[in-house]
Amino acid sequence: MYLVTVLGNLLIILAVSSDSHLHTPMYFLLSHLSFSDICFNSTIVPKMLVNIQTENKAISYAGCIIQMYFFSVFVCLDSLLLLAMAYDRFVAICHPLHYTVIMNPQLCGLLALVSWSLSVLVSLLHSLMVLHLSFCMQTEIPHFFCELVEVLKSACSDALSNYIALYSVSGLLGFIPLTGILFSYCKIISSILKMSSVEGKSRAFSTCGSHLTVISLFYGTGLGVCLSSASSPSSARKATASVMYTVVTPMLNPFIYSLRNRDLNGALRKLASRSFFSL
């Protein structure tokens, strides 16, 4: 599954970069999301596979902090990029005549830069706060990777300020993007229903359907992790929900985006034919 995730997302990045027809705001943001999904998956899965192969589940303190930091970076980044993509679809469908003016290269670059910067800063804040906590010599984390909440539970010192920072920032970075996405799609659906052309409606729903599916998968599996943690102390149940969130979702994203996307499929075919003839 790891190789499928990396290869699928890498193909999207290569297709977007190699085809000039895909040098648009939507595909620019999609390539950032694909890169984020590769990194998100690579933060957890390789170590998990090594643990399974060697039957040694130990991780160093430094390794745990690094894994926790990068996991937090790419979770935040995915959420913010999905919001930026929802805004792009909102402008494209609700204000099509002003699309090229509003979604100019400067704004696209700014959206990507703000998403990356916020994700790095928020994750750095959490990691630096964890470094001030004390841990026992050998601490067992009942999870298959160093998730921030599980690390805080394992601390020997008071972690109240860490929990306050975690839930405050997570609430903002979860609630604000989700609210923005829901608002955008309410406006999008309203605009689509007002279209007189059946073909126009079909094309608009097709364009937004894949993005909406990815959003539902991302937030749905994330909510599943939260609910499984709150409702049951079973680590196996939480691990199952976390695998869906961290492994399955990034793997499915490339297939969802390329399934009914003729432009992306065309670019992938061109890329494949160029690679074949260059051999």
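The backbone N, Cα and C atoms fix where each Cβ goes, and this holds for glycine too.
Whatever TrEMBL says is automated annotation, not expert-curated.
Going by TrEMBL, these are the annotated features:
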type	residues	note
DOMAIN	8-257	domain 'G-protein coupled receptors family 1 profile'
SIGNAL	1-18	signal peptide
TRANSMEM	58-86	transmembrane segment
TRANSMEM	107-129	transmembrane segment
TRANSMEM	164-183	transmembrane segment
TRANSMEM	204-230	transmembrane segment
TRANSMEM	242-259	transmembrane segment
Query raised in the report: Given pairs 6 or more apart, does the transmembrane segment (164-183) have at least three Cβ pairs under 8 Å with the transmembrane segment (242-259)?
Result: no
Query raised in the report: When each of 58-86, 204-230, 242-259 is checked against the transmembrane segment (107-129) for Cβ pairs under 8 Å, which one has the most?
Result: 58-86
Query raised in the report: Counting only residues 6+ away from its ends, which parts of the chain sit with a Cβ under 8 Å from the transmembrane segment (242-259)?
Result: 1-2, 4-5, 8-9, 11-12, 30, 33-34, 37-38, 40-41, 44-45, 71, 143-145, 147, 210-211, 213-214, 217-218, 221-222, 224-225, 265, 268
Query - Stretch-averaged pLDDT - the domain 'G-protein coupled receptors family 1 profile' (8-257) - result: 84
